[in-house]
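S.K.: Just passing along the structure, written as structure tokens.
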């Protein structure tokens with residue numbers, strides 16, 4: 001069975017060549033992640049039809065957008081995409097409402113799946129509709145830009161580093177709106193970023209690019225745990241886990257989060273949440289230590305029985321990265337080579353992971 005989204009590109013530049021062969025899910029958020037110059041934006045622009053690759057095949061759901069072998073190239077305006085750039089280019093002489101309505105005009109009424117009231121409510125911009133763009137903050141402008149893209153009733157959303165031009169405060173304001181779009185709209189999104197914290201919070205599927213090549217493509221919880229990828233060697237190495245809130249301790253303000261497909265759970269300091277709520281958390285490799293026996297004489301809340309899957313030298317040869325299995329959930333631990341030798345770590349070994357900190361992402 002073919003994947004809902006297929007992207008095969010080859011295009012040569014003086015300094016590198018872009019080569020992608022991707023089969024992507026037709027729902028959720030797929031992040032294209034990598035350093036500057038890795039080919040993320042080029043890939044997005046080719047999907048949008050804004051750049052032509054030397055060789056290409058792009059299919060979204062059941063529609064072929066381009067195929068160089070068959071001479072197919074669908075014009076950008078026919079591709080049913082919503083494109084969000086780093087900075088929203090709004091018409092300065094029009095109000096927010098008029099900017100949004102302008103973007104809707106080319107969509108026949110019978111094809112409009114999203115209406116202005118729904119888009120403005122989803123992005124929290126009802127109170128901004130009468131303002132002009134020069135009266136908006138950077139975060140407000142970008143929310144208007146996202147709403148404008150939604151009003152084209154797209155089959156695919158393309159977001160090219162939409163938070164890159166914003167400061168930390170403005171980013172934190174927009175992220176919940178992107179999460180809401182993810183939850184409430186059945187529109188796949190391709191999200192370009194080089195910010196690992198954004199990707200960890202938003203993405204379901206991760207494509208890792210470097211120098212125009214695809215290093216990896218897969219579910220984010222699996223891809224972040226791969227020791228053969230550069231992400232595992234960085235200081236922010238860690239895993240993303242989507243668990244379920246199973247209990248709340250009102251006195252200590254601790255959530256109990258059950259890990260997916262497992263009877264194992266972790267306790268997380270957080271405000272009360274409804275039992276059954278899905279919660280995305282991140283565990284950094286540097287916050288995981290290993291022990292042959294569970295140590296209950298410490299302040300560490302979370303101790304999980306784990307099995308060693310593999311280990312690899314970290315970027316600093318004094319350390320190793322250890323991949324662990326916690327009841328089907330992957331974990332990473334960054335420990336010294338000395339500690340590895342002292343524990344006599346080996347594949348299949350059973351021991352205990354002690355987790356010093358857990359970050360709630362969403």
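Cβ coordinates come from backbone N, Cα and C, glycine included.
The annotation ATP binding site is assigned in Swiss-Prot to 34, 35, 36, 37, 38, 39, 40, 41 on the grounds of sequence analysis. Under the heading domain 'ABC transporter', Swiss-Prot lists 2-236. Here Swiss-Prot flags 297-362 as domain 'Mop', drawing on sequence analysis.
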S.K.: If you take the centroid of the Cβ atoms of 34, 35, 36, 37, 38, 39, 40, 41, the listed ATP site, which other residues of that chain have their Cβ within 8 Å of it?
M.R.: 194, 209, 210
S.K.: Looking only at 36, 38, 41, which of these binding-site residues has the biggest number of Cβ atoms within 10 Å around its Cβ?
M.R.: 38
S.K.: With DSSP as the yardstick, break the domain 'Mop' (297-362) down into helix, strand and coil residue counts.
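M.R.: For that range the per-state counts are 7 helix, 36 strand, 23 coil.
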S.K.: Just name the most isolated of the binding-site residues 34, 35, 37, 39, going by other Cβ atoms within 10 Å of its Cβ.
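M.R.: It is 35 that, of the binding-site residues 34, 35, 37, 39, has the fewest other Cβ atoms within 10 Å.
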S.K.: Where does residue 40 (ATP binding site) sit by DSSP, helix, strand or coil?
M.R.: helix
